[in-house]
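**Student:** The structure under discussion is supplied below as structure tokens; questions concerning it will follow.
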Amino acid sequence: MPVRLDRSSADFDQRFAAFLAAKREVSADVEAAARAIVDDVARRGDAALLEATAKFDRLTLDASGLRVSAAEIEAAVKACDAATLDALSLARDRIETYHRRQLPKDERFTDPLGVELGWRYTAIESAGLYVPGGTAAYPSSVLMNAVPAKVAGVSRLVMVVPSPDGKLNPLVLAAARLGGVTEIYRVGGAQAVAALAHGTATIAPVAKIVGPGNAYVAAAKRLVFGKVGIDMIAGPSEVLVIADDTGNADWIAADLLAQAEHDTSAQSILITDSARLAADVEKAVEAQLKTLPRTAIASASWADFGAIIMVKNLNDAIPLADAIAAEHLEIMTTDPDALAARIRNAGAVFLGAHTPEAIGDYVGGSNHVLPTARSARFSSGLSVHDFMKRTSILKCGPDQLRALGPAAMTLGKAEGLDAHSRSIGLRLNLS
């Protein structure tokens, strides 16, 4: 059964704090195992990569078989049904349109002293996209990661995807082509992350690694950060639904289960001021669970990490939502916009009963790569900005240096950095 909390209970604060602190991540020896793999690939390159692929994916290759060929991609596209390809194309187009609006603008201006200042944006040269394999192979995630990179101007986009027993999801390859991926390699796990970061004879290193994966992939991304950039450390998926008594219990239950079916560690939460709705949603969840193909996963998620939180009024939901900082926030109330405007922390917000989070997963246009595990308190979802760098620009002439130089020299001396002061003083004939 899910956790039931009531804001009016005397022990609510204690129970809510415990609920927030409950760990949903796989831990134990994952980091040590990932470190061993990353270090091995860094040392031995392709040899270590091929050994790990044989061990974990039961796929024996030589280095020439790592890259997925153009012929394989073409065959995969032909194997996909037309309706699904059309849906992927629609998703790609909407994602591209949305992300083009995020492109930042360069700036250059002159201040009252005549100093020229500004900044400019440039795309990173290369990015690596990690795509999970097996049952968690999601072509939509390929588009969500690849399209913003291409919009930003990344010229080399490398995809790695595990191929258990040699099998690749044709839709993943089709999405890679639609998204503008330039290279695809049939490797996964911590070993693929290591190859993208350190490079091997076959796979050239990239500047940044993005994309979700299991606990070993997440640990490997932590380990290579600094050598390369990373997007975020993705945890189990989560949704928070805030609803009043106008909410449709069947719809809300379906949305809660849409997250629960992802992973046994996924989290689905309802906050409501309606006791009737809370009871109806709980009944609807139990009924719908019986009809889901992934009922075992969804049932475990709902039982272990689900929650229904009662509040006296929806004003009480606001600080709770900010504390939860959910990856996905759905608001099904009479005035969802007004409530959303008062909530600070959420990865993405879905307004109104006709905006299920699943639309955002696929064809809404906004990105579904979002901060989890309360990291929406300080971070944002994937965007064009993740694939770009901002460089500041400064230009002084003789007059501007004379106006600003003495103050800079004073600060240099105050910090004990005499060479700093001298580099200015020589230009002003003061050193």
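Every residue, even glycine, has its Cβ placed from backbone N, Cα and C.
Feature table excerpt (Swiss-Prot):
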type     : residues                                 : note
BINDING  : Y130, Q191, N214                         : NAD(+) binding site
BINDING  : S237, Q259, H262, H328, D361, E415, H420 : substrate binding site
BINDING  : Q259, H262, D361, H420                   : Zn(2+) binding site
ACT_SITE : E327                                     : active site, proton acceptor
ACT_SITE : H328                                     : active site, proton acceptor
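Describe the structural context of each listed feature in the structure shown, including burial, neighbouring residues and relevant distances.
**Tutor:** Long-range neighbours of Q191 (NAD(+) binding site) (same chain, six or more residues apart, CB within less than 8 Å of its CB): I37, V38, D40, V41, A48, L49, A52, T53, F56. In three-state terms derived from DSSP, Q191 (NAD(+) binding site) belongs to a helical segment.
The Cβ of E415 (substrate binding site) lies under 8 Å from no Cβ of any same-chain residue at least six residues away in sequence.
In the three-state DSSP classification, H420 (substrate binding site) falls within a helix. Taking the Cβ of H420 (substrate binding site) as centre and 10 Å as the limit, one finds 15 other Cβ atoms among all the protein chains shown.
Taken residue by residue with DSSP, E327 (active site, proton acceptor) is part of neither helix nor strand, so it is coil. All protein chains included, E327 (active site, proton acceptor) registers 29 other Cβ atoms within 10 Å of its own Cβ.
A simple way to gauge crowding: the CB of H328 (substrate binding site) has 27 other CB atoms within 10 angstroms, across all the protein chains here.
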**Student:** Between the Cα atoms of H420 (substrate binding site) and N214 (NAD(+) binding site), find the distance and write it as a whole number of Å.
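**Tutor:** Given the Cα positions, H420 (substrate binding site) is 48 Å from N214 (NAD(+) binding site).
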**Student:** Have a look around N214 (NAD(+) binding site) and count the other CB atoms within 10 A of its CB, chains all included.
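**Tutor:** That number is 19.
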**Student:** What is the total of other Cβ atoms whose distance to the Cβ of H262 (substrate binding site) is within 10 Å?
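**Tutor:** H262 (substrate binding site): 21 neighbouring Cβ atoms within 10 Å.
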**Student:** List only the single closest residue to E327 (active site, proton acceptor), chosen from the binding-site residues Y130, N214, S237, H262, D361 by CA-CA distance.
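**Tutor:** Closest candidate to E327 (active site, proton acceptor), judged by Cα separation, is S237.
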**Student:** In whole Å, how far does the CA atom of D361 (substrate binding site) lie from that of Y130 (NAD(+) binding site)?
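**Tutor:** Here the two Cα atoms are 18 Å apart.
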**Student:** Count the other Cβ atoms sitting within 10 Å of the Cβ of S237 (substrate binding site), across every protein chain shown.
**Tutor:** 25
**Student:** Can you name the residues of this chain that are 6 or more positions from Q259 (substrate binding site) yet have a C-beta less than 8 Å from its C-beta?
**Tutor:** S237, E238, V239, A266, Q267, S268, S301, H328, E357
